[in-house]
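Participant: Once you've had a glance at the structure underneath, I'll fire off some questions.
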Amino acid sequence: MSSIQAVAESYRLFNPRAYLQNNYVPPRADFTSDDSIMCWKLRRLHEACAKGEIKGRILVDIGSGPTIYQLLSAFEHFQETIMTDYLEVNRQELKMWLNNQPGAFDWSPYFEHVCKLEGKGEPWKDKQKRLQTRVSRVIPVDIHKSSPLGGELAPGSVDCLVSSFCLEACSPNLEAFQKALENVVTLLKPQGHFLWIGALEESYYLAGEARLSVVPVTEDIVKKALCTAKCVVREFSTYVIPPSMKVGVDDVTGIFFVWAQKNASK
Ligand SMILES: C[S@@+](CC[C@H](N)C(=O)[O-])C[C@H]1O[C@@H](n2cnc3c(N)ncnc32)[C@H](O)[C@@H]1O
Ligand SMILES: O=S(=O)(c1ccc2c(c1)CN[C@@H](CF)C2)N1CCSCC1
């Protein structure tokens, strides 16, 4: 079995609800302080999108998992949003939420917070409905394939990619991490945008019975990987995880946020 096949095997035990519980339910998901990691992530995404440069026809989220928070600002600026994940259980979790099915995860605190950031006084349910309408497809993805979405989208056809905690969480080593980045970048148009959130120096995380290995990356590794993938960094920010947030579900030390653009010539 190859190292990539071993990673795929480890994801067979991934439990979406346990993963959501570990990372996206208060108190770990804290909205009471603007200094919290969740508020920081949502603010970074909001401020990048508020500049008005990130817009177009197609937005693709790579490795969505069972989460939608990562799209709450970007989706407003695109005609169509496509969500993706490797696991059917995650795609099913997303479809439960998209279809307002009983038992779907409650993302309302996230919508309320982003509506507050946007400052238009919009009811959060209006924004929720709009996102549910704009997501056109929830499809399989494998970042270790040269065509990560299979034949679903042509190379160079995507205006913006979003990805959060995916590449480092399913790459067995830095060589695979680099190749996966280059694979996903092929989806972007020249000058296309990439909004990328990830874990710094993390080696594992838990999702129910699953213990997933993570390739530890540093700020320098991420920046060099983007340069090698022929992307220009527009913004690079980091957040140091406070000790109080270290509860044993992972060993993450910090979070990075990147706004990057694919080189015009590639
Ligand atoms: C840590 S979760 C990130 C979920 C979500 N984006 C977030 O921000 O919490 C990593 C995700 O990568 C997905 N994944 C695993 N192997 C993958 C692969 N080969 N290609 C793309 N995604 C993969 C998993 O199914 C999982 O949903
Ligand atoms: O938003 S987070 O930064 C976050 C959110 C998700 C994840 C991690 C961190 C780290 N492990 C990842 C596994 F790939 C998943 N956060 C960590 C502190 S408490 C609230 C959740």
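Placed from the backbone N, Cα and C atoms, the Cβ positions cover glycine too.
Annotated S-adenosyl-L-methionine binding site per TrEMBL: Tyr19, Tyr24, Gly63, Ser64, Tyr69, Asp85, Asn90, in sequence order.
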Participant: Taking 10 A as the limit, how many CB atoms besides its own sit near the CB of Tyr69 (S-adenosyl-L-methionine binding site)?
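Facilitator: Other Cβ atoms found within 10 Å: 20.
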Participant: Using a Cβ-Cβ cut-off under 8 angstroms and a sequence gap of six or more, which residues of the chain neighbour Gly63 (S-adenosyl-L-methionine binding site)?
Facilitator: Thr84, Asp85, Tyr86, Val141, Ile143, Ser163, Ser164, Phe165, Cys166, Leu167, Ala169, Cys170
Participant: Excluding Tyr19, Tyr24, Gly63, Ser64, Tyr69, Asp85, Asn90, which residues of the same chain place their Cβ within 8 Å of the centroid of the Cβ atoms of the recorded S-adenosyl-L-methionine site?
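Facilitator: Not counting the recorded site residues, we get Pro16, Gly65, Pro66, Thr67, Ile68, Glu93, Leu94, Ser164.
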Participant: Near ligand 1, which of the binding-site residues Tyr19, Tyr24, Asn90 are found, taking a Cβ distance under 6 A to any of its atoms?
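Facilitator: Among the binding-site residues listed, those whose Cβ sits under 6 Å from ligand 1 are Asn90.
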Participant: For a quick check of packing: other C-beta atoms within 10 Å of the C-beta of Tyr19 (S-adenosyl-L-methionine binding site), how many?
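Facilitator: If we count other Cβ atoms within 10 Å of Tyr19 (S-adenosyl-L-methionine binding site), we arrive at 23.
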Participant: Among Ser64, Asn90, all listed as binding-site residues, which has the most CB atoms within 10 Å of its CB?
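Facilitator: Answer by Cβ density within 10 Å: Ser64.
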Participant: Per residue, counting other C-beta atoms within 10 angstroms of the C-beta, which of the binding-site residues Tyr24, Asp85 reaches the highest number?
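Facilitator: Sorting the candidates by Cβ neighbours within 10 Å, the top entry is Asp85.
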